[in-house]
Amino acid sequence: MSSAPLTSTPPRLLPVKSNSPPPPQHPLLSHLPHCTSLRSLAQLHAAAVKAGLAAHPALVTRLLTLCTAPGAPPAHLAYARQVFDRVPHPTDAVWYNTLLRGYARSPSAASAAARVFARMLEEGVAPDTYTLVSLLKACAAARAGEEGRQAHAVAVKAGAAGHEYVLPTLINMYAECGDVRAARAMFDRMDGDCVVSYNAMIAAAVRSSRPGEALVLFREMQAKGLRPTSVTVISVLSACALLGALELGRWVHDYVRKIELDSPVKVGTALIDMYGKCGSLEDAIAVFQGMESRDKQAWSVMIVAYANHGYGREAISLFEEMKRQGIKPDDITFLGVLYACSHSGLVSEGLQYFDDMKDHGIIPGIKHYGCVTDLLARSGQLERAYKFIDELPIKPTPILWRTLLSACGGHRDVELGKRVFERILELDDSHGGDYVIFSNLCANTGMWEEMNRVRKLMNEKGVVKVPGCSSIEIDNTVHEFFAGDGRHPKSQEARKMVDEVIDQLKLVGYVPDTSHVFHVEMGEEEKATSLRYHSEKLAIAFGLLNTAPGATLRVVKNLRVCPDCHSMAKLVSVVFNRRIILRDLNRFHHFEDGVCSCGDYW
């Protein structure tokens with residue numbers, strides 16, 4: 001049999017003619033060791049079916065093994081299933097385990113894996129720990145929590161739930177399916193220490209937006225003398241990125257340099273992402289340039305980092321260089337480029353790249369549509385943006401309309417803003433930010449009656465505005481401040497420092513920007529007081545108190561930075577000779593010498 005490249009569509013299987021056991025010395029089977037591709041094996045299989053050898057153990061085993069190998073396309077897995085289904089009464093546990101292992105690598109095969117497992121039980125074949133591990137992995141890959149819970153029940157009945165291989169897989173399954181509580185319950189039952197289990201729990205904490213918990217687990221893992229893997233490091237770097245914990249991220253980077261890890265490209269990509277999200281674009285660039293090899297994801301993450309920091313031209317230049325090196329961009333790459341264009345005012349370029357997606361065979365997703373909406377809205381083309389959303393081939397999400405509503409607020413277009421606000425409420429009336437943006441827009445344009453109606457509606461529905469929260473990392477500790485409250489143990493010191501800072505800023509012309517405080521009953525002084533202790537002001541003041549003169553302050557905020565805090569940060573950068581890097585909900589703001597990188601439009 002001659003070897004040939006794998007085909008995307010395997011040959012059609014012939015019906016089984018005979019179930020009688022084949023003679024083991026049949027000459028056809030001597031070709032098995034030489035079949036290294038699906039095509040050559042399928043040709044042999046066709047001949048074997050005609051010769052009545054369809055159920056020969058050696059042939060079936062070889063077919064299943066090749067078709068379920070790592071990297072095999074979905075069509076090959078489907079072919080393996082057809083081969084398996086044509087065996088009248090499969091009784092070899094290895095066959096079931098091999099097929100289940102193939103499903104474990106597929107993101108949408110949980111139900112198929114469950115059916116194979118059910119047949120295994122029907123045929124009276126006893127599952128072993130390999131069976132349960134592969135079944136649980138298939139459920140994890142498909143995020144199939146219900147099937148995973150059923151598999152867990154089977155493991156309990158078989159007395160295998162506490163097995164050294166099964167228990168870590170259970171932890172990972174629940175973590176992948178988003179059931180962090182169940183994953184933690186399994187984790188706490190472990191007698192020994194297992195790196196795989198720690199990896200699963202750390203990743204689960206990151207996915208559920210609990211980066212602090214992920215870092216606690218990482219420190220616990222180190223204290224026990226467990227050696228982290230590349231999987232551990234990637235998750236920990238993601239936790240640092242969520243927190244904006246640059247110094248801790250740098251420590252992890254130094255740690256990576258001292259130990260040998262597999263997947264250097266993936267670790268390097270995670271480092272680029274961490275540095276970019278922690279505000280150190282210089283370090284992200286250094287890691288990218290120092291990588292011996294880069295895959296598509298590494299290029300894409302670097303492009304996104306440039307975009308987040310407002311370096312649109314640099315992002316586009318890197319995108320073009322990527323294409324020149326023969327690396328085909330994917331949906332994430334285009335998302336980065338579109339984001340760069342929207343935040344740099346490159347309207348025509350952004351629209352051209354959006355059209356180019358079709359040439360690369362990429363179907364735009366909701367995030368791509370969001371970038372185009374933002375691109376048009378930021379440039380003042382509000383009606384065009386409205387029409388773009390209204391004519392999409394998919395149902396618009398509240399986020400798309402929310403993007404346009406925010407732009408209506410910036411351009412003070414209250415009539416369109418009202419139409420957009422009504423469209424949002426049809427889809428989701430529980431988001432406090434929508435009511436705030438529209439009521440502020442009404443107040444800004446003197447529509448006080450409409451503003452009061454919106455706020456009354458907000459109260460009736462029990463919608464609450466998300467409180468502002470800002471964090472700053474000092475000496476490897478992340479400090480969080482909430483607007484106006486005293487949760488932080490040193491909040492009083494921070495508030496006192498805010499007072500001192502504002503007194504100094506007033507000497508150089510600072511005047512509180514109360515244009516976005518819309519309480520008719522408040523006077524100007526009361527409005528200024530309501531702005532004074534916003535979370536980002538507290539974080540900046542705390543940073544001034546606890547860092548050396550001239551040190552860069554890096555602040556992360558969960559919401560869009562308000563105009564008054566933005567003005568205050570610009571003046572602080574001059575008066576106190578500090579560079580301030582603030583990451584808000586939308587982008588990075590680099591304050592230096594009284595100027596912000598966003599050009600005062602965000």
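Any Cβ shown, glycine's included, is placed from N, Cα and C.
TrEMBL lists 1-10 with the feature compositional bias 'Polar residues'.
Per TrEMBL, the feature region 'Disordered' maps to 1-29.
Mean pLDDT across the repeat 'PPR' (92-127) comes to 87 in this model. According to TrEMBL, the feature repeat 'PPR' maps to 92-127 (among others).
Feature annotation from TrEMBL assigns repeat 'PPR' to 194-228 (among others). Using DSSP to sort the residues of the repeat 'PPR' (194-228) gives these counts of helix, strand and coil: 26 helix, 0 strand, 9 coil.
Secondary structure of the repeat 'PPR' (295-329) per DSSP, as helix, strand and coil residue counts: 26 helix, 0 strand, 9 coil. The feature repeat 'PPR' is assigned by TrEMBL to 295-329 (among others).
According to TrEMBL, the feature repeat 'PPR' maps to 330-364 (among others). Away from its own ends, the repeat 'PPR' (330-364) comes close to residues 296-297, 299-300, 303-304, 306-308, 310-313, 315-316, 319, 322, 371-372, 374-376, 378-379, 381, 587, 598 of its chain (Cβ-Cβ under 8 Å, at least six residues beyond either end).
If you look up TrEMBL, you'll see 509-602 marked as domain 'DYW'.
The DSSP breakdown of the domain 'DYW' (509-602), given as helix, strand and coil counts, is 34 helix, 16 strand, 44 coil.
Residues in the repeat 'PPR' (92-127) partition by DSSP class (helix H, G, I; strand E, B; coil) as 25 helix, 0 strand, 11 coil. Helix, strand and coil counts under DSSP for the repeat 'PPR' (330-364) come to 27 helix, 0 strand, 8 coil.
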